[in-house]
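K.L.:
Pasting in a structure now, in structure tokens, and then I'll have a few things to ask.
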Amino acid sequence: MKISNLLAAFLAFSGGFFCASAEVPKVNKEGLNELITADKVLMVKFYAPWCGHCKALAPEYESAADELEKDGISLVEVDCTEEGDLCSEYSIRGYPTLNVFKNGKQISQYSGPRKHDALVKYMRKQLLPTVKPISKDTLENFVEKADDLAVVAFFKDQKLNDTYTEVAEVMKDDFVFAASDDKELAKSLGSNFPGIVAFTKDAAQDSDKLVYTGDWDPASIADFIGVSSIPLLDELNQMTFGKYQQSGLPLGIIFYNSTESRDELYDVFQPLAKKYQDTLRFAFLDAVRYGAVAKQMNVESDWPAFVIANLKSMLKYPFPTTELTAKAMTKFVGDFVDGKLQPKIKSQPIPESQEDLVVLVADNFDDIVMDETKDVLVEFYAPWCGHCKNLAPTYEKLAEEYSDDSNVVVAKIDATENDISVSISGFPTIMFFKANDKVNPVRYEGDRTLEDLSAFIDKHASFEPIKKEKESVPAPDLEDQVAVEDEMADEL
């Protein structure tokens, strides 16, 4: 691929760039910042050389970069084994990660198919107008053609236009956006001027129009659109779970095992879904197909069943019986909203004794990890995870190395059998909880060798480390680090 004139100039005169191959330029922090500022549309691949998924993506990414060059769209890459600070700055948690920038800002993280055609189509879409002008005559057709939520704003002010366009740029992959300066049209839809109306296809709503009444700022408008797009009472599956998770609202999950049961439960929960639509959402889950999710939600496998899950903290509030009557559900949901319920925490038994490698469970996690007199390194693992098994002998040796240091704890926890408040996106995940800063744990992103893990502890330690003399331990086989979604998403 011929590199564009702009990139060629940067390569020649800026120390921020160097060529990874003839196809896709590799950039460091300085070079990436220059590109973000200069390029109208840019995709950045954050990767690791050892990552199998990254290797599979490489030819597709290179061919897409070649085709998109004529459109003035740049595709570049960042090697996270060389640019660790840069990857941390962008909160890279797995490889490959594809971030998209437009007009100097990150607008999205690409999650579509990692194929040439899909990449090209997605990036060319970024060049299209984000907000479509609309009139009274074209409104109906605009709304009907929308696959999901259709958002229409009414204003004349340029500042309001800039704010609305900023939101639309970030959310345009999921929704369609239009704008009008017609005051009478806004009034006929029940909106103020300026104002925003979201058109929904949710049958559980009383109206197909949701009117925004909040402040005209990007965060508030985005929250309104995000929440409006989530059905009040829908089916939970692989396609819809992400929406519920991204909303930030607690989710009431209704387990059913027959069509008749679902129909009866709809009548019970639909009024509650409408009443509490600003507070939580509700969804049905087929217990015959997805019964294993009940275990993750701390629910007994008796149907029907109901649980409210906080998808941020992953705290679960299961209803204790199968008697899901309107009266019982009204009280239970009301008590949750009023903060009267206590979550049910799943925990393995606390070990009677501990070795050099401390075993954590949910019931002792805070006592050990949040101890402000200790630095604590924690491995979050799954018993079935091959990478975790490969790491085990090295991690045990690491614990032995720091066993004489009373200020350092090396620990592990089975994240599949214990409820934890830490967000885990893959196994193993290793985090360092500093004695003087428990709120901001440091995620380990390096090679899983004894030397690198030990250096990581020493770098971030709150105290002068005291270690036993080390014996050499062979590095575990670092095959492709496969990021795994959280347990519930896997089951779905």
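In case you wondered, yes, glycine gets a Cβ from its N, Cα and C as well.
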K.L.:
Region 'Disordered' per Swiss-Prot sits at which of 93-117, 443-467, 468-492?
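P.N.:
Result: 468-492 is the stretch Swiss-Prot calls region 'Disordered'.
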K.L.:
Please report how many Å separate the Cα atom of HIS387 (site 'Contributes to redox potential value') from that of GLY52 (site 'Contributes to redox potential value'), as a whole number.
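P.N.:
The Cα atom of HIS387 (site 'Contributes to redox potential value') is 14 Å away from the Cα atom of GLY52 (site 'Contributes to redox potential value').
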K.L.:
Are there any residues at least 6 positions away along the chain from ASN257 (N-linked glycosylation site) with a Cβ closer than 8 Å to its Cβ? List them or say none.
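P.N.:
When sequence neighbours closer than 6 are ignored, ASN257 (N-linked glycosylation site) has ASP286, ALA287, VAL288, TRP303, PRO304 within Cβ distance under 8 Å.
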K.L.:
Using the structure shown, find which entry in HIS53, HIS387 (the recorded sites) has the sparsest Cβ neighbourhood within 10 Å.
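P.N.:
Output over recorded sites HIS53, HIS387: least Cβ neighbours within 10 Å is HIS53.
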K.L.:
How many Å separate the Cα atoms of ASN161 (N-linked glycosylation site) and GLY386 (site 'Contributes to redox potential value')?
P.N.:
51
